[in-house]
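**Student:** Here it is, the structure in full.
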Amino acid sequence: MAAAGAGPGQEAGAGPGPGAVANATGAEEGEMKPVAAGAAAPPGEGISAAPTVEPSSGEAEGGEANLVDVSGGLETESSNGKDTLEGAGDTSEVMDTQAGSVDEENGRQLGEVELQCGICTKWFTADTFGIDTSSCLPFMTNYSFHCNVCHHSGNTYFLRKQANLKEMCLSALANLTWQSRTQDEHPKTMFSKDKDIIPFIDKYWECMTTRQRPGKMTWPNNIVKTMSKERDVFLVKEHPDPGSKDPEEDYPKFGLLDQDLSNIGPAYDNQKQSSAVSTSGNLNGGIAAGSSGKGRGAKRKQQDGGTTGTTKKARSDPLFSAQRLPPHGYPLEHPFNKDGYRYILAEPDPHAPDPEKLELDCWAGKPIPGDLYRACLYERVLLALHDRAPQLKISDDRLTVVGEKGYSMVRASHGVRKGAWYFEITVDEMPPDTAARLGWSQPLGNLQAPLGYDKFSYSWRSKKGTKFHQSIGKHYSSGYGQGDVLGFYINLPEDTETAKSLPDTYKDKALIKFKSYLYFEEKDFVDKAEKSLKQTPHSEIIFYKNGVNQGVAYKDIFEGVYFPAISLYKSCTVSINFGPCFKYPPKDLTYRPMSDMGWGAVVEHTLADVLYHVETEVDGRRSPPWEP
């Protein structure tokens, strides 16, 4: 059994070696500063109106000249053969086949070659109409397709077009994302330029575009420029997190901003606002009719050739400029909570009065007032990317964490202040000489130390089942290891001061800009907080092992907001399940899954923000009366 009082980052009794991990940060010191106020062309309709190309004994009859005039050079396919129509420049493929049956239910089959009709906007699999898909890929967008019901000839119409680099990158990332979802235990959302994206495009070049493969290998550099520029579609991460074991040569990594692959489709100019294709993220390469034109793509030309009418004032508005977040709801590059400071991602508060006052000359060059912003919350409970030791590696889905060297900790994105709550952790890998301490922590718990090191956290250790609080270890149960599923229950009374309080609005805090995002900066007063801690009667923490209640671990714990927390020693790997479905749901008590705190926190913070504006004089920048 380890000696009580082990130091930060150090497994008790294991020696000081691996524990000496210096604090790291994802920010360069000079990059944080106070913030001062201050479509691809659609396919031509002339093609669809051309005389129909009827299947014949290997020849394209009638309408050949018209197709050549419009497209410049097309390949015509039929069920009996393939002929090449000679023309200049771009080569494309067109097909008219006898109709199969229209998919009445319009069901999607992601991962298959699907085609969207440019008139009715319904989706069909290519096999429905017997279309040759040997030169096609799933999630392609460089085509024009009319189903047999919509096309004037009564036949299906399919034209494969030349793809630009943006469309090729979009298709490649969509296919890589789908493959990872279906094949990997922990799906990835970001992919290496050299190891994933370039090899995929090189392998499937002929399937992705009708353009000839270039003789010079300059296109890999061009796709990097394309994805780095198209930030309304692609995510870019140029370097690994500080302390990460990811090799630098795997970067830059790219991913899709919108992870809903069903949004990917061709940019038809007659697409209706009520169509099945979502305009989220502009993944279809254009802005659908009826779109408001908001977001980063708003400055580009609309489908009718005009501009969005965005004024100079709107472009320079620092408050409501679009702030696009990755699929998991947090910027890829961000400041870490460290050195006595905490950072809360901010977004414009739509309920703030008079946001246009920033346009007044008197505000030029001055910091943006914090009451015009609010804490940016994600509706899912996940592991926090910023509220962790930088050396810990978090998976793309933010549900798995891998340890590194000495003990260090990560907290969840949401905490609880009252009621009974539960979550599970599965030990995926626990090699010899590794360990874990799992449990609950308040926001001020030391991230560069094992859970249970200070007064703000309570933990259960894998070795010998020891429980820890204030670095004092006591026997609790048998230990746990690889393959075990552990449950964590907490019950906090409803009548405490913390339980009756609304969450902090942070509106009286300074706004800090880092990598194009704004954050509230909050100073930690650990010593003052420790002295003000008081025990909460009738509160308790219980741990479970493979569905078996191990007994009450702690009673009358300190009052505060508690977050699910994980601390790992060396290369241990665990996955967390916030619910609502658990492998071993407790049957001996009532609880709510931690996943319920996702929307619960949104409601609480919204109420706090609205009350702030109602009860506080905005120009005075005074804290709400319920805050100390």
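Backbone N, Cα and C atoms are what each Cβ position is placed from, and that goes for glycine too.
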**Student:** Out of S101, S275, S478, S532, which residue gets the phosphoserine annotation in Swiss-Prot?
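**Tutor:** Per Swiss-Prot, the residue annotated as phosphoserine is S101.
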**Student:** Which residue among R296, R300 does Swiss-Prot mark as asymmetric dimethylarginine?
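**Tutor:** Per Swiss-Prot, asymmetric dimethylarginine applies to R296.
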**Student:** For the feature phosphoserine in Swiss-Prot, which residue out of S192, S292, S316, S501 does the record point to?
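**Tutor:** Going through S192, S292, S316, S501 one by one, Swiss-Prot flags S316 as phosphoserine.
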**Student:** Need the matching range: Swiss-Prot marks zinc finger on one of 117-150, 355-388, and I'd like to know which.
**Tutor:** 117-150
